[in-house]
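TrEMBL annotations:
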type	residues	note
BINDING	70, 71, 72, 73, 141, 142, 143, 144, 145, 149, 215	substrate binding site
BINDING	73, 155, 222	NAD(+) binding site
ACT_SITE	152	active site, nucleophile
DOMAIN	208-332	domain 'UDP-glucose/GDP-mannose dehydrogenase C-terminal'
């Protein structure tokens, strides 16, 4: 990320910032530069006072330090003002420390555990809660889902695989490759569960998809698990009706027609007029999406999906009406009381589903 600020002198010798320019870093750059700009003037005054008060300024040695960001899309400003950790690094020296991130490993581990929970009748949320109570592990990122997405997770893991292979560590590289494989397996397993539950085919059946972004509070669809799930359902000739409050129809159609990782190419190399997938319709209302649908898939944990009128949804769906919760955000028991057949990742299976194979 590169950025610079333009200031102008105004009355009473006050300085006013008039423009911020930020190049690169996507959703990270804008919030970061805005917060820096907010505090830059006061920091500059403190540095000037420090220089004036130190007669030995010329003899001070400086080092370039790196302060990597740990911002999450959708909460970047909040993360900057209230970080849960601050990591500052520089060149290695005897006092240096190494920091190891296990975030991706945690997510894949709990997703793998969700498959075992379904097979044994356990509840993955109770398992993750119990594991998270261990102070050495903690509760964060122990929520099972249809899979992780975003532009960083897979890229960072593949970079780690490359570094391991370049340093003659094939066993370690294979370990991290397995994280990617588990994520792909989770998405395939979800598609298989949908198809097998609906009498082993979704051909010409309408499937409502609620959520397309890789997480709530953003319109970012890079590496979203919704792409692979939708492509899997389309492969069995399903008709999809997709609703996401922040993702445009053009972006959804583009994602479903592009090859994997095309989103990482320069814009002029991406297809400018994506071919419309005829079996896909994009709507701007959740109730319109589910009207007349045979099944409903929740693929993004938008808060609004928790408060939908599911009785109304049930009344307007084909029967039997299926709900496949890929984010574990709904109350499955309440929906079963309404009449839905419900599948939630890593939760005890509905009686209807217990006799159904997990794989078609």
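Keep in mind that glycine also has a Cβ here, set from the backbone N, Cα and C atoms.
The structure displayed is predicted, hence computed values, not measured ones.
Put simply, 222 is the one of the recorded positions 152, 155, 222 whose Cα lies nearest to the Cα of residue 215 (substrate binding site). Here the Cβ of residue 215 (substrate binding site) has 20 other Cβ atoms within 10 Å, regardless of which shown protein chain they belong to.
Rounded to a whole number, the distance between the Cα atoms of residue 145 (substrate binding site) and residue 152 (active site, nucleophile) is 18 Å.
It is 155, among the binding-site residues 155, 222, whose Cβ has the fewest other Cβ atoms within 10 Å in the structure shown. Taking the Cα atom of each, residue 155 (NAD(+) binding site) and residue 145 (substrate binding site) are about 19 angstrom apart. In the structure as shown, the Cβ atom of residue 152 (active site, nucleophile) sits within 10 Å of 15 other Cβ atoms.
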